[in-house]
Amino acid sequence: MQLPTFLEVYEGLISTSSISSTDPSWDQGNAKVIEKLATWFKDLGFHVEVIEVESGKHNMIARMGEGEGGLLLAGHSDTVPFDEGRWSFDPHKLTEKDNRFYGLGTADMKGFFAFIYEAVKKVDWSKQNKPLYVLATCDEETTMLGARHFTTNAPFKPDYCIIGEPTSLVPIRGHKGHVANAIRVTGKSGHSSDPALGVNAIEIMHEVLFAMMQLRDKLIKEYHHPGFAIPSPTLNLGHIHGGDSANRICGCCELHYDVRPLPGISLDGLENMLRSALQEVEAKWPGRIDIVPLHEPIPGYECQHDHPFIGGVEEICQTSSQTVNYCTEAPFLQQLCPTLVLGPGSIEQAHQPDEFLSFDFIDPTIDVLSKAMVKYCC
């Protein structure tokens with residue numbers, strides 16, 4: 001059987017749209033790209049299972065070899081939406097120009113599966129003693145649905161995991177989490193000529209904002225991680241809107257904020273800190289303050305710096321591991337085994353018009369992955 005080339009796999013991935021979005025008009029599901037991946041890895045000798053997580057949303061688990069432990073190579077099969085007017089190329093066509101691959105998902109991160117595919121072909125598997133797994137998840141760009149489902153229902157426990165997000169081939173051992181909420185204040189509208197007729201939601205929100213800024217200062221004062229460029233959690237007040245007219249008492253005001261917690265700060269603990277910060281305001285204005293999540297919260301993640309897995313991958317890559325501020329599926333997969341984030345391309349290209357991956361990453365990435373397969377499976 002003639003196996004597809006690296007370029008053919010890459011082209012097939014990029015040409016198969018798999019956008020996930022909280023906007024139903026954009027959301028497509030990933031069934032078609034998972035079907036392609038399943039076929040390719042079956043032809044390569046893997047045992048493949050496709051799991052429907054929700055309607056139109058699928059994970060793929062591929063396994064080569066038997067036994068306990070082994071190495072899991074993971075990534076998400078979905079992409080973000082795109083602004084067609086800002087692209088110079090067809091987002092759903094792999095374009096080669098100026099020693100780059102252009103296309104939606106070239107860096108973030110469908111292209112990673114083409115690198116896995118090619119690396120498998122380079123390895124002598126006659127001495128394999130532990131399994132190699134490949135996981136392709138759904139909805140990383142929205143709810144992390146695929147990673148959450150896999151972690152809860154994992155049919156195996158690998159020794160180690162590498163997630164192929166674009167890190168410029170630098171091993172990432174930790175990142176902050178992400179929590180985004182809306183605080184909605186409900187007042188009572190009325191004519192501005194008589195403030196006693198209503199309850200001004202903006203005035204209540206003023207008290208909420210003061211409490212949130214106190215929480216921000218508390219997070220900076222009490223939590224510190226020297227491994228991060230920004231060593232404390234961050235709290236950002238990102239969006240606020242209230243009222244509809246200068247001559248009307250504001251009946252509703254809404255604030256959107258986010259927190260990026262450090263590894264080790266539990267989501268429950270962060271929620272308790274928020275409730276404590278707002279306790280006095282809520283007691284003063286009972287029933288008028290609601291907190292609504294904008295998305296499922298993502299905890300911080302860290303693979304312990306002295307873990308031998310980090311040293312082994314640093315040796316393969318010939319570079320030291322780092323921490324970053326953006327989020328991946330690592331907090332979930334880390335629940336199963338020591339996990340690192342490591343892949344081709346730059347995070348600066350993610351979610352951008354004319355997303356690309358430089359040809360400079362091709363050979364080094366295949367080399368790194370094939371060495372990892374040998375080290376942890378053979």
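Glycine is no exception: its Cβ is also placed from the backbone N, Cα and C atoms.
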Per Swiss-Prot, member of His76, His92, His149, His191 binding Zn(2+) 1 alongside Asp108, Glu165: His76
Nearest of the recorded positions (His76, Asp78, Asp108, Glu140, Glu165) to His351 (Zn(2+) 2 binding site) - Cα to Cα: Asp108
Tertiary neighbours of Asp108 (Zn(2+) 1 binding site) (same chain, Cβ under 8 Å, six or more apart): Thr79, Val80, Glu165, Pro166, Gly345, Ile347, Gln349, Ala350, His351, Glu355
Three-state secondary structure, which DSSP defines for Asp108 (Zn(2+) 1 binding site): coil
For Glu140 (active site), nearby residues of its own chain (Cβ under 8 Å, 6 or more apart in sequence): Ser20, His76, Asp78, Gly146, Ala147, Thr328, Glu329
Residues that sit under 8 angstroms from Glu141 (Zn(2+) 2 binding site) by C-beta distance, when 6+ apart in the chain: Ser20, Ser21, His76, Asp78, Thr79, Val80
Cβ-centroid neighbours of Zn(2+) 2 site Asp108, Glu141, His351, 8 Å, sequence order: Thr79, Val80, Met109, Ala350
